[in-house]
Amino acid sequence: MAEEGFPRIQFKTPTFKPRDDIEAGGEANLLRNATQKPSTQRLSLLRQRRSKNGQPSSSQESVAMQDVYLGSYSRTSTPAASIAAPSPRASTFHLQLAPLLQAVDSDLETYGLAESRDGFFDASFYRPLHRDHDNLVEKALETLPSSFHKDHPLSLRGFLPQQLRETKSFFCRVTTSRAGINLFKSFLGFFITYIICLIPASRDWLGRYNYIIVISAIINHPGRPLGSQIDGALMTTLGTVAGLGWGSLALYVSTSTAAARSGYGGILATFLVIFAVFIGWLRCILIRFYQAVIAAGFAIFYVCLANTSQTVGWMKVFDYGIPWVLGQGVCLVVASVIFPDAGSRAISLALHDSLVTVKIGLALPHQDSLALKRKLALQFVNLSQAVRDFTIDFTISRFSPDHVRDTRNLLQGVIRSILSIRPDTMLFDIPAGGDNLVESVQPKGIPRGEKTMQLISDSLREPTRELIDAMMDVIEHADLTIMQIGGQEESTREPGLSRAVDRLRSAEQSFDTADALLVAGPELSSSHAKSPEVIELFLFIHPVRQSADKVEAFGQKVIEMEQKDRNWRIRAPSHPFTKAIMRTNAQVRHDRGGLTAAFYFRGKRQLDRTMADLQSVAYAPAARQHHADDDLTKQIPNIGMDQRLQERPSGKTSKTSKRVNFRYWLWQVVHRLQGFESRFAFKVALVTTLVSIPAWLPQSRGWWNNNESWWAVVTVWAMMHPRVGGTFQDLAVRVSSAAIGAVWGGFAYAAGGGNLYVMAVFATLFMIPMLYRFTQSSHPRSGIIGCISFTVISLSAYTSGAQPSIIKIAWTRGLAFVIGVVSAVIVNWILWPFIARHELRKSVSAMMLHSAILYRGVVAKYVYYSEGEGPGPEDIARSEMLEGRLREGFVRMRQLMELTRHEMRLRAPFDPLPYSALISACESFFEHVVQVRQSALYFQPYMLASDPEIIKSLTAPRRDAVAVILLNLYILACALRAYRPVPRYLPSAAAARRKLLDRMEILETEQTQKREVEKISPEAWKWRRWADVYHYAYSGALTDIVENLQELQKYTKEVCGEVVWESDILIGK
C-alpha cells in the first residue's frame, strides 16, 4: 500500500513512429506494457476517493479536470464586482486568444486573488490539448522544403533517371551559361600541363614525378576569378615551401648520423606526426589557409614517403617544387588571359538575384507564400556572403567596397520591410463608393466597420497602388544600373533610375497627402480600433509606406554608385583581417567539400557566441518597497537596468584576480583541445601514420617505392574533412571514381601503346566531366580523386614505358587510391562521426533557446522599460544584426535537414516531418517576436506605462506571461537536446496571456474614459491612430507566439515522446 500513494509515470513515444508505450513504477522500476489495464488496487482507491467526495456530474467532472493550481495568493485591491465595462479593443485581443483556450475554463473565477511574490511566478497547469496525429502530419507536409518532393537520393529505382537528368543539366549549363567558360578554363589549365608531360623533352627535364605539374594545375585550377587565382597561387606555393622545408629537415635529421640512419623510419614518423597534427589543426581553424595546408600535406607526404631510403638525393625536393610552381604559373596565365573574371560578376549576380526576388515580393497583393518568405530569407543570407567574398580578395571593379556594403545593408532593409508586409489584403477588392459591400461574418460585439473600410479604400487605394508600382519601377531600374556598373549588361537603353526615384517620391507625397486628408476628416473616428478588418487594412498600408522609404534610400544609393564608381580600379582586400583569415572565397569553399555542414557549423558558432553575450546580461527588476533612506534607495536598481555578470574579477592588480585569470586561461586552452579541431588533427595523424608504416619497414620498402604507394596517404589527406565524414553513398562514389580513373588511365596508355595523341584524346574524354564534377558539382571530392587517379596512372605508365606492365601499374596505384579513400571514410565513421539527424535535433534545441533569449531581450528592451531607457538607434541596429543571424540559422537548419536524406539508417528511414514542422514553428515564433519589436516602436509612448500604480498592478501578470513562455521553451529545448520525453503537463501560456489581457482590459477602459474628455490635435490623433493599429499588431503577435508555442509542444512530443501519469489511463486518455 505504500506504493499506491505515489503516481506512476508512463512514457509515450513519438506518434510519428511505431508506438511502444511503457510505464515505470515502484522502487524496482519495472517496465510494463502501457496498454495493460490499471491495477485492481488503484481502481478501488480511485472509487474510494470518488465516493468520499460525492459522485460529481458529468459537467462538474469536466470542470474538475480543468482545475488550475495557482499557488499562493494575496487579496487584490480591485474586487471583481467593480470592474468597468470592457474595452472594445481589449475584447478584440480576447477574440484573438479564444482559439488557444480550448482546455481552459474561460469563466474561471479567482475571487479577487492574485499571486504577488517578487521574482517568482506560479504556473497554471491545464489539461493539454488533444493531438490529432493525422492533422499534425498534414500540417508538417506543408512545411517540407521543395527538395523533399523529389526522388530520394538513395532510391535504386530513381538512380538511372537521376543520372539522365544530371547529364542533361550538365550539357545545358556548359552550353548556355558561364559554367561552360569556367569548365573550359579549368580543362585548359589541365590540358596544357598534361601535354607538357607528354612531350619527351619536357618530360625528361621535369623528372620521374613530372605529373606534379598536372596535380598543381588541378588543385588550384584556373576556373575561378582572377583575385582568387592569385590568392590560390600564393597560398599553394607557400604551403609547398613549408612542406618541402619541414620534410627536408626530417630527411637531414634522419640521415645525419649512423645511429639516426638505423632508425630513420622512427625519425621520419615523428616529424610526419608533428606536421600532420599542425596542418590538421590549422585546416580547421584558419580556413583562409586551406589551399596552403593542402599543398603542404601533399609536399610533406611526398618528401617523407616517396622513394624512401637511408640515403638522400636532394634533387628529390626540386623534382617536386619546380613542377608545382610551373603548374601554378600556367594556371595564372590561363585565368588572366582566357575570359578573365575580375571579381565583379559574382557580386553583380548576387545583387541581381536579390532584386529579382524583391520584385516578386513587391508584386502586391498576393497570397501569403511560405516559399517566397524562405526565398527572401535565403537572399538575405546570400547577400552577406557575396559581399564578404567581394571584399576578401583582390578585384578589378567599378564597385567600391564601402558602397557595396552600404548597398547590401539597404537592400537587406528592403527585404526586412517586405517580410513585415501582410500581402493578402482586401484593400484593392473593396468596391468603390456607392456600391454595396459584401458583408462578412463578424463575431458578436465587434462592429462591422464597412463604411470605414470603404472610406479607407476610396482614399488610399490609388495612392497605395501607385506607391507599389513606383517601388517596382525603382527596383527594376536599380537592377539594370547595377548590372551595367558591374560590366554584366551591355545595353544602350538608359536605366532611368533617377526618374524612377523621382516617381517614387511623388507617389510618397501623394500618399502622405491622402493619408493626412483621411486623418483630418471627421469620417474616421476612433471606432477603427474596434474593427479588426479596418486595422488589417492599416497593417498592410503602413508597412508598404515604410517599404517605400527603404526602396527610395536604396535607389538613391545606387544612383550615388553610378555617379562615383565610373572607372575600373584595383581593389585591395578590405575585409577585417581577423575575420578574413577565418573565411575563404566561394570556389575554395566549393572545392573543399562539405559546404552545407561548413555553413551550418560556422553560423552556429557565430550565433552561439552572440547569444552567449546576450545571455550574460541580467535584468534587475525594481523593488516593490521604497525606502526612506536615500542612501539605501540609491542602492536599489531601477527598472530595466542591465547588469553584466562577470565570470572573472576585473581587477588587474589583485593576486587572486591573476590566479583566477590564469586558471580561466588554462581552462580555455584545455577546453579548446576537446574541440573538433583537435579531434580532426588526431584522426589525420592516426590514419596517415598507420598507412605510412610500410614505407619505413625494410621488408615492404621495395614494393612501396616501386608502386608509388605513397599516394594512399595523400588520398587520405585529400579525402578527410573536419566536419563531414561521408555517407555510404559517398564512399561508393569515391571508390568508383578512383577505380574508373585508374582503369581509364590504363586504357589511355594501352590503346595506342603510349602514343601521346591517343592519350590526349583519352584525357579529354575523361577529364571534362570529371573536372566539372570537381569544380562545379555538389560532389567535388569524388571529382578530384578521379582526376588525380587518372593523371598519376596514365603519366606514370608513360614516363616508365609501362614497366613492368600497364596492368600492374594500373591496379597497384589504383588500389592505393582506393585504400586511401576507404581509410579516410571509415575512420570518420568510427571516430566522432557526423550524423546529420543528430545535429538537426541539437540545432532545433539550440534555436529554441536562442528564440527564448531574443524574446526576453525584446520584452525587456522594447516593451517593459522605464523612462529614459528606451531603445535607441544602436539598439535597433544590434537587434537587426541579431535577427539577420537568426534568419541565417533557419536557412542552414533546412539545408542540414536535406543532408538527412543521404544517410542510411538500419532501423527505419528517418522521418523529417516533425523536424520540419518544428523548424517552421520556431521560425514563425521568431518572426512574431520581430513583429513585436517593430510594433513596440510605434505604440510604446501610448502604452499604460507611466503611472506607478498601473506598473505595480501589471507587474505580476506581465512577469507570468513572459516567464511561462521562457520556461516552456527551456523545457522543450532540453528535452530535444537530451532526447528525453516531454512532460505531459506544461505551464499554460494561453492562461497567462489571458490573465494579462483581463487586467489590461480594466486599465484600458479607465484610460479610454479619461481620453474622451481631452481634446486631441490632428497630428496627435494621427500618431494615436498608428499607436492603436500597432497595438493591435503587437497584441496579435504575442497571441500568435502563444499559438507557435503550442505547436512547438505538440511536435516536440512527436519527436521525443511524452511522460504521462497513470491516472490519465484511468480517465480514458
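Backbone N, Cα and C define each Cβ position, glycine as well.
Annotations in TrEMBL come from automatic prediction, not curation.
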Annotated stretch (transmembrane segment, per TrEMBL) among the listed ranges 233-252, 733-752: 233-252
Segment assigned the feature region 'Disordered' in TrEMBL (from 1-22, 133-154, 397-418, 991-1012): 1-22
Folded-back contacts onto the transmembrane segment (233-252), same chain, C-beta under 8 angstroms, at least six residues removed: 216, 219-220, 267-268, 271-272, 275, 289-300, 302-304, 312, 314, 317, 320-321, 324-325, 328-329, 331-332
Close approaches to the transmembrane segment (320-339) from elsewhere in its chain (Cβ under 8 angstroms; 6 or more beyond its ends): 181, 184-185, 188-189, 192-193, 196, 206-207, 209-217, 220-222, 224, 226, 229-230, 232-233, 236-237, 240-241, 244, 295, 299, 302-303
When counting Cβ pairs under 8 Å to the transmembrane segment (183-202), the leader among 264-282, 756-772, 784-802: 756-772
Same-chain residue ranges lying at least 6 outside the transmembrane segment (264-282) that approach it to Cβ under 8 Å: 243, 246-247, 249-251, 253-255, 289, 293, 296-297, 300-301, 304, 308, 310, 677-678, 680-685, 688-689, 692, 695-697
Stretch-averaged pLDDT - the domain 'Putative ER transporter 6TM N-terminal' (183-255): 93
For the domain 'Putative ER transporter 6TM N-terminal' (183-255), the number of residues DSSP places in helix, strand and coil: 60 helix, 0 strand, 13 coil
